[in-house]
Amino acid sequence: MSQVNTSQGPVAQGRQRRLSSLSEFNDPFSNAEVYYGPPTDPRKQKQAKPAKINRTRTMSVFDNVSPFKKTGFGKLQQTRRGSEDDTYSSSQGNRRFFIEDVDKTLNELLAAEDTDKNYQITIEDTGPKVLKVGTANSYGYKHINIRGTYMLSNLLQELTIAKSFGRHQIFLDEARINENPVNRLSRLINTQFWNSLTRRVDLNNVGEIAKDTKIDTPGAKNPRIYVPYDCPEQYEFYVQASQMHPSLKLEVEYLPKKITAEYVKSVNDTPGLLALAMEEHFNPSTGEKTLIGYPYAVPGGRFNELYGWDSYMMALGLLEANKTDVARGMVEHFIFEINHYGKILNANRSYYLCRSQPPFLTEMALVVFKKLGGRSNPDAVDLLKRAFQASIKEYKTVWTASPRLDPETGLSRYHPNGLGIPPETESDHFDTVLLPYASKHGVTLDEFKQLYNDGKIKEPKLDEFFLHDRGVRESGHDTTYRFEGVCAYLATIDLNSLLYKYEIDIADFIKEFCDDKYEDPLDHSITTSAMWKEMAKIRQEKITKYMWDDESGFFFDYNTKIKHRTSYESATTFWALWAGLATKEQAQKMVEKALPKLEMLGGLAACTERSRGPISISRPIRQWDYPFGWAPHQILAWEGLRSYGYLTVTNRLAYRWLFMMTKAFVDYNGIVVEKYDVTRGTDPHRVEAEYGNQGADFKGAATEGFGWVNASYILGLKYMNSHARRALGACIPPISFFSSLRPQERNLYGL
């Protein structure tokens, strides 16, 4: 946006400025709720004030102004507005359009430009890339052209959003549809996407939140809530919600005190949402107290629950947008899950009760604590203490206990309990694995699934297959050839880096907030900060012994069953930097040797092509392998490299990732997806692996993006200076941007 000239002389500065047109008090970049709200409805404006909407003054009018009124404008360049010039530069982006009929314009736009009929306008569409729209000054009588994929796709998005607000006519600022893409994407993430992804349980929305699109069985047709056995207030709340909305057929059930793998399997056919933390609210109109859930964010797409490690990544982005209440709510929910379900769950559905996800609670609680005001806020201190108490319980009872702990190495593995076939996968996901067993027993595939789940057919090899499959899903990296058939036996660098971080964080917490003495309410044991630091030191030594490969510069996973270090080159090696467990020498070798193997056009690949191996019909591509890149890998690597003094490398990697996201956003109708192909410069969002790409299936306008990808964009921009931001806005590829830099500027990117 242009800068306002404030040095216009004493008369100009002292004179009260008169609002002469609508554009002077309407923000073209305001939230959709404001921009398309009732006050901006053209039909209402016509009734109240039928003339002179956003009248642009010509030079002839200005020349007739008295010398007194010209005071302070002497430094402004006077340019005449061309009567037929419809270029952006001629108007400086200040024009406004009048869309007399939103539906009609929307249909005309799609008919002319959406040639592949997917309700999006992209560079792959072959339309004329131009559309005439009416001017606001003439109330649509005169027309000008909107040109190009980016502006037309933004017009489609704005018309779609306006229609969703029930608008039939709109004024539309040119600046809104030709906004710098970096600014537009940032604005949408902070003001729209986070709001669309935020959930908060109340009496009126329980049924909608409880719906599950991942499972299609007779028992899953009705929404269902499972409540911990010791939460009677919540049980009564959900029963009340069910009674208030009988048409929803909401079912409410208590969970048993002891949750076993057998119990979890028994309710796979009747899955339900698991209750989360709630707080009391006082209703001033009724004088009654009621429960309401703490807010939380969901990843998006088919993932409509509170997820484990997604929530930490999203919390970082939410805090940047000052949505502290949502980030804080997710910490509350994790405390609740540990206290009532025994662990931070993969997600809050009944079929996830045996399965956790990568642990980030200590760091998550710390960043929320700081945002809440730290020690100066008693509520923040209370939250931190409860979060660390829960984290210590999780550390002891989940990650350093059987079956996840390997007693010989002292390292931990993704090794969840569970029985049967995971029900949340696509119905045919395991068919190729199960078909030989069905043939062996002379039954159909569906019959075999039922017999196996019921325990009437025993197949030890199949049991082991699903043990590792559940481990893969607990790791958050579902799926990858890195873990296939071995996950539960692997002491991974990612998990053990996180546990090292837990140990360091807990040591600091005990020293700072517990007078260096912590009594665990679980087992009444007493620990000090020195004891936790010693545990961290021991883990660090074991990680180096079993996982570090000096020659390659990678931390590799260690197979505890065959007692052998693997050689799968994964981006999770940089988690050792994020956790702070690597030595300076190890960090240097990682940057010199490991990084070049993983750094691609669009950032870090999940693994190297060599490690992934060949792809064929019988060996299909996996989404957590090369050539795909994921937001959490970028976020943790950026912070890890920065903390070890490699900020310039972080700048380079962040530019690559942000370029890829921005390019897809500009060329493909504002798309933001779960993962990207970091080797592709044209359509990196196009991922044909497993269940496709969440965030790509929308009509007209993307309203959610994808949780941790949204966060990665906002976090990545913190590493960009103004020069880099301008280059991103112009979609300049990394190779062109880096090669055009002066020598001193190249140093900023580790080149």
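In case you wondered, yes, glycine gets a Cβ from its N, Cα and C as well.
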Just to confirm what the record says: which one of Thr58, Thr149, Thr400, Thr583 has phosphothreonine annotated in Swiss-Prot?
Thr58
Say Swiss-Prot lists Arg302, Trp309, Asp310, Asn346, Arg355, Ser356, Gln357, Arg473, Gly476 as binding substrate: which of Glu251, Glu253, Glu424 is in the same site, per that record?
Glu424
Phosphoserine according to Swiss-Prot, picked from Ser23, Ser376, Ser525, Ser567:
Ser23
In Swiss-Prot, the member of Ser83, Ser89, Ser285 to which phosphoserine is assigned:
Ser83
Out of Ser7, Ser21, Ser618, which residue gets the phosphoserine annotation in Swiss-Prot?
Ser21
Phosphoserine: annotated position in Swiss-Prot, out of Ser60, Ser266, Ser570:
Ser60
From the centroid of the CB atoms of Asp114, Asp116, Asn118, Gln120, Asp125, the recorded Ca(2+) site, which same-chain residues not already listed sit within 8 A by their CB, in sequence order?
Glu113, Thr115, Lys117, Tyr119, Ile121, Thr122, Glu124, Asn669
Going by Cα-Cα distance, pick out whichever of the recorded positions Arg302, Asp478, Glu674 is nearest to Asp125 (Ca(2+) binding site).
Glu674
What's the most sparsely packed of the binding-site residues Arg302, Arg355, Arg473, counting other C-beta atoms within 10 A?
Arg302
Measure from the Cα of Arg302 (substrate binding site) to the Cα of every one of the recorded positions Asp114, Asn118, Gln120, Glu674, then give the nearest.
Glu674
Starting from the Cα of Arg355 (substrate binding site), work out which of the recorded positions (Asp114, Gln120, Glu674) are within 10 Å.
none
List the Cα distance (Å, whole number) between Asn118 (Ca(2+) binding site) and Asp310 (substrate binding site).
29
Between all pairs in Arg302, Trp309, Asp310, Asn346, Arg355, Ser356, Gln357, Glu424, Arg473, Gly476 (listed as substrate binders), what's the biggest Cα distance, rounded to the nearest Å?
19
Restricting to the same chain and to sequence separations of six or more, state which residues have a Cβ under 8 Å from that of Asp114 (Ca(2+) binding site).
Gln120, Ile121, Asp125, Gly127, Leu156
In sequence order, which same-chain residues at least six apart have a C-beta under 8 angstroms from Asp478 (active site, proton donor/acceptor)?
Val472, Trp624
What does the structure give for the C-alpha distance between Gln357 (substrate binding site) and Asp116 (Ca(2+) binding site)? Integer Å is fine.
39
